[in-house]
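According to TrEMBL, the protein carries these features:
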- Ser91: active site, phosphoserine intermediate (ACT_SITE)
- Asp41, His152, Thr154, Glu312: Mg(2+) binding site (BINDING)
- Asp41, Asp317, His321, Asp358, His359, His455: Zn(2+) binding site (BINDING)
Amino acid sequence: TTFTKDPLFWNTWAQHTLKNALTLQKLNQNTAKNLILFLGDGMGIPTVTAARILKGQLSGQSGEETQLEMDKFPFVALSKTYNTNAQVADSAGTATAYLCGVKANEGTVGVSAAAVRSQCNTTQGNEVTSILKWAKEAGKSVGIVTTTRVNHATPSAAYAHCVDRDWFSDGEMPAEAVQAGCKDIARQLFENIPNIDVIMGGGRKYMFPKNQSDVEYPGDKKHFGTRKDGRNLVEEWTNRMKNKKAQYVWNKRELLSVNPNNVDYILGLFEPGDLPYNLERNTETDPSLTEMVEVAIKILRKNPRGFYLLVEGGRIDHGHHEGKAKQALHEAVEMDRAIGRAGLITSIYDTMTVVTADHSHMFNFGGYTPRGNTIFGLAPMLSDVDQKPFTAILYGNGPGFKVINGLRENVSTLDYQIIHLIYFYFPFSLSTPPLSPEGTNYQAQSAVPLRMETHGGEDVAVFAKGPMAHLLHGVHEQNYIPHVMAYAACIGQNRDHCMSSGGASSLSPALPSLAALLTLTRLLC
């Protein structure tokens, strides 16, 4: 556009940004009544940038200059995501870090690194508690909202202590672990922290007895209940909460008919497994992440002591694992929409909001694409090695590795249009029609063939706003995050600095004991 060629445009924009930045010198040192953590599972920095461009292009802009809601947060840090036993992390060990404040082994949730994955007898004595529990103990309302199963890795670290993230119900556990007294994650959701106020997501089948048909898909055996103990956890919850203002919902219509003023507790299980990708969501029956978040906050905010809410955009990760960048990026845009909605119904004066990721992915985009190039489009030149076009988006590894007659697959959009015409008129000539790079389920090319693309190991961004957000400011270990959030809200172990009245936190930090400092010094030396 013409105006971007004028230095005045860029100078004016920069000066406006500088003016805003100068206002941040007056720090928000209020006590955080409310805490919200938005966790984009697998939302590495390349994903954030690509989602920003996609968001702009969806509204008819070129995309690069667009601001995500998270981009508007005043403070940004980097989080080091490694697990205690893994250079490139998984979602379980990282969830333990940003929820419980302690780094842990991959595959384990809510236990320290002394616990060994899948070894039931290493659970007891190694449990670590989460900020959701600290908030509940302080009298706050607490909630979990996710697009995955409510007993998936990310949410489970908020309430469970389990040496294996895959122990969704006792139907997925080895018999010896059940006999040794280890509890499945679904059971722990209802037993460990009494009366979690808001629970929304998928995972319905793990709550019902084995072979019990699903309410939404009654004829589909893969959605039948999985529990071997015969328990109906939803029925148990409903019975236990019958004297409280509690409601169980399993579809969008039921969710949106809830009056938050009349409901204090809600259990929403919208699918037997994970919720569908936002691009494939049935908008009549399946709630969006934004819709779930809005109902959650309106229920939680009634508590005069405030709330803690964990929100997971969990299927960003799934899209990337499948090499389906379009699914992943639309999931990220939807989570950003939820961040915006949360911002409209809360206040930065008393609500600390943090947006981050557990880990990154082997996803990136490049190729000297021109301004406004569709994010799912081709680079502007051919490879100077194999003389074929290539997409801007590529994966380092994953299922998109395709070789035809010993050569890299041709991804020309024109070629795809021609091949689709051939397939339309001569369907017997191809086993399946190929996908366009712009297609919803197109798998971007990868350098190394794998059935599932892997996580990436680089630092992820942490965006923060609200009380004490300035404490997220540099390069930090991931387990630092809940310590900051607890400090801001005067919960957990960080209460010494809090004033008994007035609502403002003192700047003078409560220093750790000399003995604790000496211990840390010995560990670091």
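Counting starts with 1 at the first residue shown.
Just so you know, glycine gets a Cβ as well, placed from its N, Cα and C.
On a predicted model such as this, the values are computed, not experimentally measured, just so you know.
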Compared by Cα position, which of the recorded positions Ser91, Asp317, His321, His455 is the closest one to Asp41 (Mg(2+) binding site)?
-> Asp317
Please tell me which one of the recorded positions listed here (Ser91, His152, Thr154, Glu312) sits closest to His359 (Zn(2+) binding site), measuring Cα to Cα?
-> Ser91
Please tell me which one of the recorded positions listed here (Ser91, Thr154, Glu312) sits closest to His321 (Zn(2+) binding site), measuring Cα to Cα?
-> Ser91
Minimum Cα separation from His455 (Zn(2+) binding site), reported as the residue among recorded positions Ser91, His152, Thr154, Glu312 that achieves it = Ser91
Asp358 (Zn(2+) binding site): nearby recorded positions from Ser91, His152, Thr154, Cα cut-off 10 Å | Ser91, Thr154
Other than Asp41, Asp317, His321, Asp358, His359, His455, the chain contributes near Zn(2+) (Cβ within 8 Å of their centroid) the residues Gly42, Asp90, Ser91, Ile316, His320, Ala357, Ser360, His361
Inter-residue C-alpha distance, Thr154 (Mg(2+) binding site) and the residue listed as 'active site, phosphoserine intermediate' (nearest angstrom) = 6
Lowest 10 Å Cβ neighbour count of the binding-site residues His152, His455 is held by His455
How far is it from Glu312 (Mg(2+) binding site) to Ser91 (active site, phosphoserine intermediate), counting Cα to Cα, in Å?
-> 12
To which of the binding-site residues His321, His359 does the lowest count of other Cβ atoms within 10 Å belong?
-> His321
Rounded Cα distance, in Å, between Asp317 (Zn(2+) binding site) and Ser91 (active site, phosphoserine intermediate) is 9
Work out how many Å separate His152 (Mg(2+) binding site) and Ser91 (active site, phosphoserine intermediate) at their Cα atoms, rounded off.
-> 9
Ser91 (active site, phosphoserine intermediate), number of other Cβ atoms within 10 Å = 27
What is the Cβ neighbour count of Asp317 (Zn(2+) binding site) at a 10 Å cut-off, with all protein chains included?
-> 28
